[in-house]
């Protein structure tokens, strides 16, 4: 590949033809982030420890727009509460993204050994709020706030990570109406594809607060496709159990279904739960040490199992999701969108050239496309048949072209059946 699609016109991209393998020493693999693998590394010029995300652009063709988005947003950010970005280098088909090294793990990792106390929860939430306050003041929204996307340094500093679906708010109303994020943490207005703003991040923060307290988000036992229908329909989740009234009120304030009634990040920094409980971030080093001890014990117990392949340091942009179907829905390339719905690739268009051009079901871009991307990724990881998955995806597009709207009908029927199955005792109740 002579020229990468991201080689020119990308903010933050190094224009010098420097060889990243000469500038940086790549050490052990420490994570699997969005789009690529993450390595610990050394900047040979300064001897500073860095994180190196390496992406094969030939394998990540479908994610080029998201990679560009992440680099663009990170290169525009300058905050102690956002993961620092040092630059990008292109070598052959490999893109090297150099970032701040954060060796304390993700907030999700820190939950693995056991629950957090309310002082730890408040301290982490305060730092997330500082990051959100900065982003929102810069007219940016993160759109994928969750514990897995919150990273810590070895000294307890807390930083926001994974900006692959972040959005720039540019119009006078400061609204977006794109459908991105991770289902369990998504605000109702995002799922309904209504216009939304930075208050969508506040809803996700409320879900993250429940996640930090309980170890998982609400509805985690359900299939994400079902959750996409439950969140707009049901009352907002509440934090149940023996937690303090201020923490429950903090969650309740974030999880108001009316976005305008949710507080801003700046207002939440003054909430009594934060003021009364949050401590200096150095307090979190005890939590990091606990996680490292637990991880060492686990590696001894599981050394002969496939868990030896699991990344350990978690400089991972959301790479710690435990569920097989906790996918992040990413915004599609505008060039492949028409009237807000996903259009087929050139290959699919060639297959369908004899059909008249018609609009496609909305669910193709919001549900089916991300689902097939996840299927392909998991099939590739276990040596499955990628061709069969691609054939099935192509068949759905062909059926859609022949009968517009059939995919929306199919998904609606699937959800109804899931709900009936759930209510008849086959799973958790939808009510």
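Every residue, even glycine, has its Cβ placed from backbone N, Cα and C.
It should be emphasised that the depicted structure is a prediction, and the values quoted were computed from it without experimental measurement.
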Exercise. Of 297-325, 326-354, 355-383, 384-412, which range does Swiss-Prot call region 'Disordered'?
Worked result: 297-325
For this session: Would you mind telling me which of 251-265, 266-280, 281-295 Swiss-Prot tags as motif 'Bipartite nuclear localization signal'?
Result: 266-280
Exercise. Given residue 144 (active site, proton acceptor) and residue 162 (Mg(2+) binding site), what distance in Å do their CA atoms have, once rounded to a whole number?
Worked result: 8
